[in-house]
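If you look up TrEMBL, you'll see 1-214 marked as domain 'Cytochrome b/b6 N-terminal region profile'. Annotated transmembrane segment per TrEMBL: 29-55, 84-105, 117-137, 177-203, 230-252, 288-308, 328-349, 361-381, 393-415, in sequence order.
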Amino acid sequence: MEKGRVRTARPSFLLHLHPRRVPEETIRFSLSLGLGGMAATLCLALTFTGVFQLLSYVPRMDGAYESVLQMYDQGNLAGFMRNIHYWSGNLLVIVCFLHMLRVFLTGALTGRRGINWVVGVLVFGLVLGANFTGYLLPNDQLAYWAVTIFTSMLSYVPLCGSWLVTTLRGGVDVGPVTLTNFFAIHVGILPVLLWLLLVYHFWLIRKAGGLIQRPQGEGPIKMVDAMPHLVFREFAVGLTLLSLLAVFSAIFDAPLGEPATPGNSPNPVKAAWYFMGLQELLLHLHPAFVTCLIPVLTFCVLASIPYINNAVLPGGVWFGGTRGHHVAAWSLVIGAACTTITVCIDSMLSLNSTMPDHPWLTRGVLPLLVYGALLTGWYAFFRRYTGCSRAEGTMAVMVFLTGTIVSLTIIGCWFRGEGMALVVPFLE
């Protein structure tokens with residue numbers, strides 16, 4: 001009797017996360033690439049390994065580093081758990097980014113899905129926040145100075161910048177209170193907010209009937225039971241991901257440098273890789289634009305896409321069709337190329353040196369106007385000369401922006417050396 005109840009309860013729980021029946025064509029792997037399920041799997045792995053590490057970690061400035069070292073003592077499983085936690089957190093940033101791209105490029109933004117898109121943007125912000133607050137906890141040189149750099153960037157936020165820095169750091173400099181604050185936010189606040197939004201995210205997907213599907217012609221839509229057709233596929237993807245993650249974590253340890261030394265900064269001092277795009281922009285733009293205006297504009301643009309008339313691609317079709325493939329490919333390449341060329345030119349001929357009295361103009365307003373004109377021209381080119389729809393033109397702009405983000409991140413991570421000067425890696 002009990003076994004029967006367990007068998008029925010398990011499918012019932014799983015079906016709370018899925019519609020009971022789903023269109024057969026939406027469960028194909030080529031539509032979603034399993035990215036949403038991967039993100040959920042990584043969140044579960046992070047929660048489990050994070051709780052496990054609490055048994056060993058000491059959230060104090062005078063004990064954090066040593067407690068992390070002890071995790072790698074022979075026979076201690078905590079080191080392996082830390083490896084999984086670290087690599088899962090970094091991979092989650094990439095998977096969430098790709099998942100958002102997938103949703104946009106398959107037109108899954110209409111109706112209730114528009115609200116879910118905004119929820120997804122908020123989830124991505126929380127994922128970045130969780131990674132950032134967890135970055136300081138090992139209290140090594142890399143973590144200490146990366147957090148120092150990023151919190152210093154916040155000081156340029158108009159009106160409340162100084163308050164933000166003081167609140168996060170618990171004082172003027174990164175110190176014991178900073179570690180306590182970051183630990184509390186990382187362990188107590190962000191996970192709760194993240195899981196609440198994730199549950200709401202899953203519920204909205206269920207209310208929308210599952211994944212977006214292609215426009216149907218005449219005739220009935222073929223439906224299949226979510227259990228087992230969809231659920232078993234999700235389990236397969238999740239177990240494969242966890243297996244690969246476990247093997248990778250067994251081979252490669254999470255990085256741990258020397259103990260933090262406040263008076264001895266490394267050269268160069270870099271932020272975490274997922275914020276290197278912002279740090280790279282700081283070398284070219286006014287700090288207030290980088291830390292405040294650009295993030296706010298980015299969120300507003302992303303949140304408004306579902307509500308712009310005819311700006312969403314046809315549902316369930318990658319890139320909106322064959323022509324969209326070419327539009328996206330060219331936009332990504334040209335966006336990355338223009339960004340790389342601009343960075344090189346600005347490094348050699350800085351406008352700031354010719355007009356030092358007006359940095360907000362030369363390093364803020366003018367570059368944004370030029371970039372805005374470039375995006376407008378790129379959109380107009382596809383609309384006027386290739387006959388692209390508004391949705392395809394919007395996609396061209398968004399993929400162009402993606403090329404910019406990827407290019408800035410790569411340059412900041414691998415092509416910046418001592419003093420943040422441009423270098424050619426492996427040839428120094």
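Just so it is clear, glycine is given a Cβ too, placed from its N, Cα and C backbone atoms.
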Can you check how the pLDDT averages out over the domain 'Cytochrome b/b6 N-terminal region profile' (1-214)? 88
Which range wins on Cβ pairs under 8 Å with the transmembrane segment (288-308): 117-137, 230-252, 328-349, 361-381? 117-137
Intrachain neighbours beyond the transmembrane segment (117-137), with Cβ under 8 angstroms and 6 or more residues off its ends: 46, 57, 59, 64, 89-90, 92-93, 96-97, 99-100, 103, 108-109, 143-144, 146-147, 150, 174, 178-179, 182-183, 185-186, 190-191, 193-194, 197-198, 200-201, 204, 272, 274-275, 299, 302-303, 305-306
Which residues of the same chain, at least 6 past either end of the transmembrane segment (84-105), have a Cβ under 8 Å from a Cβ in it? 32-33, 35-36, 38-39, 42-43, 45-46, 49-50, 53, 117, 120-121, 123-124, 127-128, 130-131, 134, 245-246, 248-249, 252, 254-255, 273-274, 305, 313, 318-319, 328, 395, 398, 402
Report the listed stretch (29-55, 230-252, 361-381) having the maximum count of Cβ pairs within less than 8 Å of the transmembrane segment (393-415). 361-381
